[in-house]
Amino acid sequence: MASVASTLSWNSSSWLQSFGGNANEPPARCSDRRTTFVILAQKKAKKTRAIILKEDIAELGKKGELLHVKAGFYRNYLLPTGKAQIVTPVLLKEMKMEEERIEAEKKRVKEEAQQLALIFETVGAFKVKRKGGKGKQIFGSVTAQDLVDIIKAQLQRDVDKRIVSLPEIRETGEYVAELKLHPEVTAKVRVNVFAN
């Protein structure tokens with residue numbers, strides 16, 4: 001108990017000195033001074049953890065996302081189930097490298113789509129022959145699959161028919177089809193329909 005009292009007296013004297021008082025002065029003199037003490041209260045610090053998700057979690061985030069979650073949620077749920085891990089400088093560096101690799105891959109795919117669009121647009125027109133009817137009409141219609149087959153025959157390129165957007169073709173003439181090669185790249189292709 002004596003050590004606690006000495007610690008308190010030492011602390012109070014050093015505290016009093018920090019405000020300009022003298023620890024050796026008698027307490028009566030200290031009470032005559034009218035000193036105002038301001039006591040500041042601090043909020044309780046929020047305990048959160050910076051984590052990276054290892055898999056998609058409903059209403060929390062997607063795999064690879066950087067989040068701040070409460071420490072208890074991480075400790076009691078995410079850590080035991082292996083769904084997240086604490087962010088470290090090494091992990092951040094790996095994430096940055098992975099993001100750069102993904103961006104480079106996206107850029108490469110877009111450039112390939114632009115080159116393919118240029119090839120399609122420089123070919124000119126793809127010719128489609130159909131059995132003719134009265135006037136300019138043809139039997140049946142020209143479909144996206146027909147255009148895909150012609151592209152494969154002429155350019156030896158495989159194209160998915162779902163990316164081909166054709167107007168309704170039921171007569172001879174020249175039409176424009178669109179091939180959506182990439183979300184940002186669309187190639188316009190001319191289609192000439194002839195009756196034989």
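Numbers here mean position along the shown chain, with the first residue as 1.
Cβ from N, Cα, C; glycine included.
Record features (TrEMBL):
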type: DOMAIN; residues: 61-88; note: domain 'Ribosomal protein L9'
type: COILED; residues: 92-119; note: coiled coil
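Per-residue pLDDT, averaged over the domain 'Ribosomal protein L9' (61-88), rounds to 91.
Sorting each residue of the domain 'Ribosomal protein L9' (61-88) by its DSSP state yields 11 helix, 9 strand, 8 coil.
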